[in-house]
Amino acid sequence: MSDELTTTVYYDEDADVSTINDETVAVLGYGSQGHAHALNLHESGVDVIVGLRQDSSSWADAEDAGLRVETPDVAAGEADRVVMLVPDTIQPAVYEAIEDELDAGDTLQFAHGFNIHYGQIEPPEDVDVTMVAPKSPGHLVRRTYERGEGTPGLIAVYQDATGNAKQESLAYAKGIGCTRAGVIETSFQEEVETDLFGEQAVLCGGVTEMVKAGFETLVDAGYAPEMAYFECLNELKLIVDLMYEGGHMGMWNSVSDTAEYGGLTRGEEVIDREGMEKILEEVQNGEFAREWINENQANRPAYKQYRDAEQNHQIEAVGENLRELFAWGEDADAETTEAPADD
């Protein structure tokens with residue numbers, strides 16, 4: 001099996017922040033990603049305006065951090081590069097408010113390609129449309145930058161009206177610290193489809209359902225809920241950390257032979273590959289996107305029901321009680337509050 005990379009990775013030496021030093025960058029949103037992008041760019045010598053609603057609770061925070069703040073339309077009107085860092089669901093409305101401020105040669109930039117790929121935003125042909133996407137929560141983008149490090153990221157060019165879209169995207173990625181760790185070149189389609197599939201089938205959907213099913217199996221069989229929680233949820237972090245640091249083999253080499261043999265011989269029994277293929281197909285053909293767009297237009301009735309069911313699951317109460325009893329719970333709960341939604 002070849003170990004050669006199939007994608008291009010760029011680092012600091014491949015990018016020059018001065019490429020965008022003569023630009024004004026409007027960062028729309030000041031939540032998890034927005035605050036990190038704005039502050040990191042500002043400290044990299046880039047002229048930044050933060051675009052927020054006048055009643056935004058983040059307005060004062062951004063000003064206190066030394067940033068200039070304007071409404072989105074004003075920020076976009078003064079900017080050469082408009083960076084959409086508000087949630088996907090409100091981006092079309094924000095774009096409608098700022099689209100007349102885009103001039104030929106400007107750049108419309110995203111951190112996720114959902115609205116471009118699925119046609120919710122259709123930019124004019126005379127602007128660059130790009131993506132710079134850190135593969136990390138915003139608070140880590142900021143924290144690692146302050147330490148002189150960075151988080152990996154992606155760049156993509158959807159529309160290159162100026163001929164400079166790629167180099168300027170790399171410059172932006174360097175400005176927020178991503179080229180310190182490495183930036184992969186991809187496409188809007190690939191980023192969106194792999195991201196949605198990963199979230200649904202593995203990272204957010206698959207893992208949580210597997211944890212709940214394991215917890216329920218043990219509790220239904222008469223085992224203590226606290227033991228079920230430790231075995232199926234708490235220890236998951238330990239295993240994922242090993243995989244993150246050393247891949248699957250790094251994990252297998254760190255667990256007992258009994259755990260390794262049991263995992264290798266039984267793990268496949270809990271995986272539904274046909275279900276995974278169906279999830280991917282619904283991402284690729286736009287079925288999931290249409291469902292999610294319609295759900296938002298209907299004020300999220302199903303979404304709210306699913307969230308209520310999660311909140312009321314026994315594993316939540318058991319976990320809350322255990323986290324109050326053990327020191328690691330304080331760190332875990334604090335970590336979940338560090339990344340507010342973009343405003």
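Here the Cβ of each residue, glycine as well, is placed from N, Cα and C on the backbone.
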Binding-site annotation, Swiss-Prot, NADP(+): partner of Tyr30, Gly31, Ser32, Gln33, Arg53, Ser56, Ser58, Asp88, Thr89, Ile90, Gln91 in Gly138, Gly148, Gly150, Gly153:
Gly138
Which whole-number value in Å describes the distance between the Cα atoms of Tyr30 (NADP(+) binding site) and His112 (active site)?
16
How far is it from Gln91 (NADP(+) binding site) to Glu199 (Mg(2+) 1 binding site), counting Cα to Cα, in Å?
20
Quick check: of the recorded positions listed here (Arg53, His112, Asp195, Glu199), which one has the Cα closest to that of Glu235 (Mg(2+) 2 binding site)?
Glu199
Number of other Cβ atoms within 10 Å of the Cβ of Arg53 (NADP(+) binding site) across all protein chains:
14
How big is the gap, in Å, between the Cα of His112 (active site) and that of Thr89 (NADP(+) binding site), rounded to a whole number?
12
